[in-house]
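Visitor: Dropping a structure here in structure tokens format, bear with me for questions.
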Amino acid sequence: MVGTATNGRARQAFSYVNGGYDMSPGSAPASNAGSECGGIEFTREDVEALLREKPKRKDKFNLREKCDILTEYIKRLKLCIKWFQELEASYVFEQEKLQNRLDKAELRCFETESQLKDKEEELNSIIQELRTNYSSLQEKFEQEECDKLSAMDSLTKERQARLDIERSQNTLSEELGRAQRELSSANQKISSLNDMYKRLQDYIASLQQYNSKLHTDLSTVEDDLKRVEKEKAGMGENLSMLRGQLTMCKASHDEAVKQRDALVNEAASLKMELQQVRDDRDRLLLQVQSLTAEVVQYKESTENSCSDLDNLTTKTNELEDKCLSQSNEISTLKDQLTTALEKLQVSDLSALETRSEHEEQKNLISELQSRLADAEFKVIEGEMLRKKLHNTILELKGNIRVFCRVRPLLPDDGSCADGKVISYPTSMEAFGRGIDLVQTGQKHSFTFDKVFVPDASQEDVFEEISQLVQSALDGYKVCIFAYGQTGSGKTYTMMGKPGQTEQKGLIPRSLEQIFQTRQSLLAQGWKYEMQVSMLEIYNETIRDLLSTNRSSVDILRTENGVGSKQYTIKHDASGNTHVSDLTIVDVRSAKEVSYLLDRAAQSRSVGKTQMNEQSSRSHFVFTLRISGVNESTEQQVQGVLNLIDLAGSERLSKSGSTGDRLKETQAINKSLSSLSDVIFALAKKEDHVPFRNSRLTYLLQPCLGGDSKTLMFVNISPDPSSSGESLCSLRFASRVNACEIGTPRRQTNLRSPDYRLSYG
């Protein structure tokens with residue numbers, strides 16, 4: 001019970017008990033203000049001085065003085081004893097108080113865990129409901145999209161039909177115009193033909209009248225000619241009768257001469273009349289001939305006119321039939337046009353209805369999209385909250401987090417007759433966290449903190465560990481290591497492919513994030529200094545990958561198991577790991593670290609086996625030590641980021657290693673076996689954990705058994721021929737995930753004059 005007291009009381013020298021001077025016979029005890037001990041504290045030196053104190057007497061035989069000295073000594077002893085009793089009581093009280101606080105903290109922790117479980121179940125149910133709603137909304141959205149596409153197709157078809165109708169309408173209107181123009185021209189022709197026909201009829205009637213008149217005149221002339229012939233015959237009879245009378249009446253010659261003169265005169269007049277009648281007859285004959293010729297011509301013209309009239313009548317009939325047919329066609333076209341206009345009106349109405357429905361569907365789709373975005377945002381928030389709560393639970397439990405990553409199938413990989421050997425469950429509980437492996441017909445199921453499928457990108461993987469990397473800047477020790485068989489993608493996960501931005505690994509991305517965050521924290525008063533070291537464990541020998549004085553002889557000695565330098569691993573009381581004589585480089589940017597990584601990659605041991613063209617033959621350990629101080633709050637943090645690429649486990653029968661490769665394989669398998677022994681001991685919570693069996697496990701001791709935030713990547717090959725190794729890796733990762741290594745502790749304190757981390 002000797003030592004410094006608690007409750008913030010200051011320790012005082014023992015001389016204060018003696019009143020600030022050495023004990024003398026006339027000295028008085030110190031006053032106790034407020035308590036029996038007066039707020040006095042005793043140290044181990046004070047108690048030892050009190051016990052070793054010998055009374056100083058001037059006179060050996062002065063018993064009174066001796067009695068006073070002993071009384072004073074007894075009083076001081078009693079005072080010391082009372083002070084120790086009070087101290088013990090205060091310790092008991094403090095212990096009870098701390099025990100009560102511990103019970104309350106455990107109760108709160110239990111309540112928090114139950115609340116977290118309830119919250120997680122509630123969030124899982126909400127997420128399930130949201131996913132159900134999302135699937136239904138997705139189906140509705142797809143249905144709406146289909147309806148929208150069909151409506152758009154129908155609208156396009158209706159628009160095309162409308163355009164066709166308009167084109168046909170324009171064509172019909174043009175044809176109608178042409179038909180109307182042809183009809184008007186035909187009507188004009190018909191009217192002109194009708195006028196010509198009327199004129200021809202009038203001309204024919206006049207010709208008929210003239211013909212009848214000519215016939216009448218001809219009959220009159222023929223009657224006159226007959227009458228003249230009759231008169232001529234009568235006149236011949238009269239002449240013969242006159243000749244008889246002349247022969248008979250010669251007697252009266254005078255009378256006869258007189259009568260003859262009279263008759264001669266009368267005959268001359270008759271001859272003149274006859275000549276005149278003959279002239280008239282000739283003239284009439286000429287007129288008859290001309291009239292006959294005219295009648296013949298008229299008949300011919302009449303026949304031509306009749307034939308023309310027949311032709312015109314035929315054409316008129318044809319035109320009338322054509323006009324009738326065109327009228328029928330026009331009426332049909334008018335009916336069709338009316339029908340088309342009605343259809344156009346109906347299509348316009350349907351187009352308006354479709355447009356209104358399209359607008360409604362568009363509004364509904366936008367509303368569904370906004371609701372879908374809200375649901376996705378809520379799902380993302382729920383997932384982030386679940387991850388945060390899950391990380392909090394894991395930190396409270398102190399478990400090692402395990403992420404599983406399956407690499408894609410390569411062209412050189414074999415094929416399985418039964419199909420894929422690796423599958424992923426789709427249930428709500430195991431979605432994104434479960435993996436199933438089939439070997440020899442038996443299915444093995446595993447669940448981890450996260451499972452990355454083959455098509456997951458480097459960015460997707462880093463996004464899951466970005467918050468863990470951020471913890472290093474907050475003052476935590478963080479360890480991320482990749483485990484798996486040879487050729488399963490460990491080095492690709494940690495380092496990526498050089499020169500390809502999208503395929504950068506976790507180490508380059510982590511450094512970029514740390515330096516970006518460092519730059520953004522300058523505004524809050526934080527200043528960071530960072531140091532980098534890189535080493536590899538090759539054949540149970542530590543090699544400094546950043547050493548500037550490495551020669552080929554040193555490398556050859558290291559490969560033969562004889563190191564030019566003996567590097568020693570040490571762990572201090574704070575859980576920090578130091579490697580003696582290890583090169584530590586101050587860095588200020590991600591480019592400097594990238595240069596150091598390239599330099600270390602050139603120095604790292606790689607080799608060719610039957611399983612991998614460039615197989616890592618050593619364990620690679622990258623360490624970034626972070627020292628930060630806040631100028632305004634004087635707060636100091638010290639964090640460590642360990643990123644480890646373990647060598648791949650392999651079977652000698654498959655790798656075909658011989659000579660140096662055989663020694664490397666044996667050393668790798670031995671260190672990984674030691675790591676497995678450590679994990680088994682931690683899982684069983686054994687008192688002794690064999691960390692010292694291997695340099696790898698001894699180097700990882702603070703990460704596996706301390707207060708570090710630790711995450712393991714188990715890399716799996718989907719090659720059916722590697723299913724046995726994959727099963728072993730998954731079983732090992734499952735045991736690692738069950739290990740409890742303690743709650744992570746943040747390394748922070750107030751700023752000291754020399755706040756830089758010291759590295760051994």
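Using N, Cα and C of the backbone, Cβ positions are placed for all residues, glycine too.
Predicted, not measured: the structure shown is a model, and the values here were computed from it.
Below are the features listed in TrEMBL for this protein:
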COILED    95-378  coiled coil
DOMAIN    399-739  domain 'Kinesin motor'
BINDING   Gly484, Gln485, Thr486, Gly487, Ser488, Gly489, Lys490, Thr491  ATP binding site
Visitor: For Gly487 (ATP binding site), just count the other CB atoms lying within 10 A of its CB, please.
Guide: 26
Visitor: Return the residues near Gly489 (ATP binding site), defined as same-chain residues 6+ apart in sequence whose C-beta is under 8 angstroms from its C-beta, sorted by sequence, else 'none'.
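Guide: Counting only residues 6 or more apart in sequence, the Cβ neighbours of Gly489 (ATP binding site) under 8 Å are Arg405, Arg407, Asn715, Ser717.
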Visitor: Including all protein chains displayed, how many Cβ atoms other than that of Gly484 (ATP binding site) lie within 10 Å of its Cβ?
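Guide: Gly484 (ATP binding site): 28 neighbouring Cβ atoms within 10 Å.
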Visitor: If you draw a 10 Å sphere around the Cβ of Lys490 (ATP binding site), how many other Cβ atoms fall inside it, taking every protein chain shown into account?
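Guide: Counting Cβ neighbours of Lys490 (ATP binding site) within 10 Å gives 27.
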